[in-house]
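Per Swiss-Prot, the features are as follows:
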| type | residues | note |
| --- | --- | --- |
| BINDING | His78, Asp140, Asp197 | Zn(2+) 1 binding site |
| ACT_SITE | Asp80 | active site |
| BINDING | Asp140, Glu175, His379 | Zn(2+) 2 binding site |
| ACT_SITE | Glu174 | active site, proton acceptor |
Amino acid sequence: MKNLVGRFMRYVTFDTQSKPKNHHCPSSTGQKVFAQALYEELLELGLSDVSLDDHGYVMAKLPSNVNYPVPAIGFIAHMDTSPDACGKHVKPQIVEDYQGGDIALGKGDEVLSPIQYPDLHLLHGYNLITTDGTTLLGADNKAGIAEIITAMEILLADSSIPHGDISIAFTPDEEIGRGANHFDVAKFAAQWAYTIDGGPIGELEYENFNAATATVVCHGVNLHPGTAKDKMVNAMHIAAQFILMMPENETPQHTEGYQGFYHLSGATMSVAKSELKYILRDFEASGLQARQALMQAKVAELNQQLKKGRVEVSFEQSYSNMKEKVEPHPHIIELAKQAMVACDVEPKIKPIRGGTDGARLSFMGLPCPNIFTGGYNFHGIHEFITIEGMEAAVQVIMKLAEKTALHYRQ
């Protein structure tokens, strides 16, 4: 465990932001550099079958140390960080024995405040790792990588802990929805796996959104504004009308738990043509279909109102709820719960209001729920993680391996 924090602090200095407009895999050269460093570290640790493929996927195995058959299990984390905030020149800072109040982030005016982030009230006495207020931290998901590798390092050194074959993998471009695109499930050779990509201590997740992207294109008529009377149709005004027609109370800032939403995530505006990007989320497949139908109805309604100009909408499916693929294998969740309880961690089963590599992998034949990292406030400059949460994740990974081996000895 002694190498955990240093390992994490080293990993976050790699600039690995994924780039959604680059369709190569990985989408950024920083991920290639980080993947090479991880590949070399895994070789040095002495893991077996260490590989780095042309798409930047790193895989390795820890062979079984028991003399009876145990299904191979896997642990997965992703190397990229979110494009939503700067991920370059990350300068983590450690706050020891937090006792409440605002935490100054670096030398600027940014603070981490319990007023804005009430979870801090529950973390008195914990040791935190924060940003310096200028970048994200990268705990999502470099904490998961550090935790998996540290667990493998300890299991390699301590033969008294029984375990079957363990496969590990580190993927590129998860943050832009492509983490499973080139994942070789057959090569990974696990019966099931866990992504270590969750938040606070105890999180255990096997439900996620059904997801789609909607593109709304508004077509106008552009003319010289000096001669535009009764002729110009401003596509930006049409786009504004459409935005106001959407349900205001079904947006991310007004929803929680199992509630889905419409999220206007981007726009490209001009008089002649304006384009709106929405992400649609719902835990039920029928709910996602209903959201798409509502958008189609709003487009038809707006087209009827327009004397000139027109609107069209198209959809692209992103990922589906892994619940239907994980629930038929209840032992996967039960073993994770048992491992947490054995580590004095209370399991907190909740839906993922997002997606993980595990969601896609579950539909590729590798059931793959999600386990906590100990982190908070991902994708922004107020991201932080507790050292205690990271240590608990390492313990749970090792205990899961042990519990699985003992379960199949019986």
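Just so it is clear, glycine is given a Cβ too, placed from its N, Cα and C backbone atoms.
When Cβ neighbours within 10 Å are tallied across all protein chains shown, the highest count among the binding-site residues His78, His379 belongs to His78.
Other Cβ atoms within 10 Å of the Cβ of Asp197 (Zn(2+) 1 binding site) number 28 in total over all chains.
Note: Glu175 (Zn(2+) 2 binding site) has non-local neighbours Gln17, Ser18, His78, Asp80, Thr81, Ser82, Pro83, i.e. same-chain residues 6+ apart with C-beta under 8 A of its own C-beta. Nearest by CA distance to His379 (Zn(2+) 2 binding site), out of the recorded positions Asp140, Glu174, Asp197, is Asp140.
In sequence order, Ser18, His78, Asp80, Asn141, Asp197, Thr356, Asp357 are the residues near Glu174 (active site, proton acceptor), counting only same-chain partners six or more apart with C-beta under 8 A. In sequence order, Thr81, Ser82, Asp84, Leu136, Asn141, Phe378 are the residues of the same chain, not among Asp140, Glu175, His379, whose CB sits within 8 A of the CB centroid for the Zn(2+) 2 site. Between the recorded positions Asp80, Asp140, Asp80 has the most other Cβ atoms inside 10 Å of its own Cβ, all protein chains included. Close to the recorded Zn(2+) 1 site, the chain also has Ala77, Asn141, Gly144, Glu174, Glu175, Thr195, Ile196, Thr356, Asp357, Thr373, Phe378: residues not among His78, Asp140, Asp197 whose Cβ is within 8 Å of the site's Cβ mean position.
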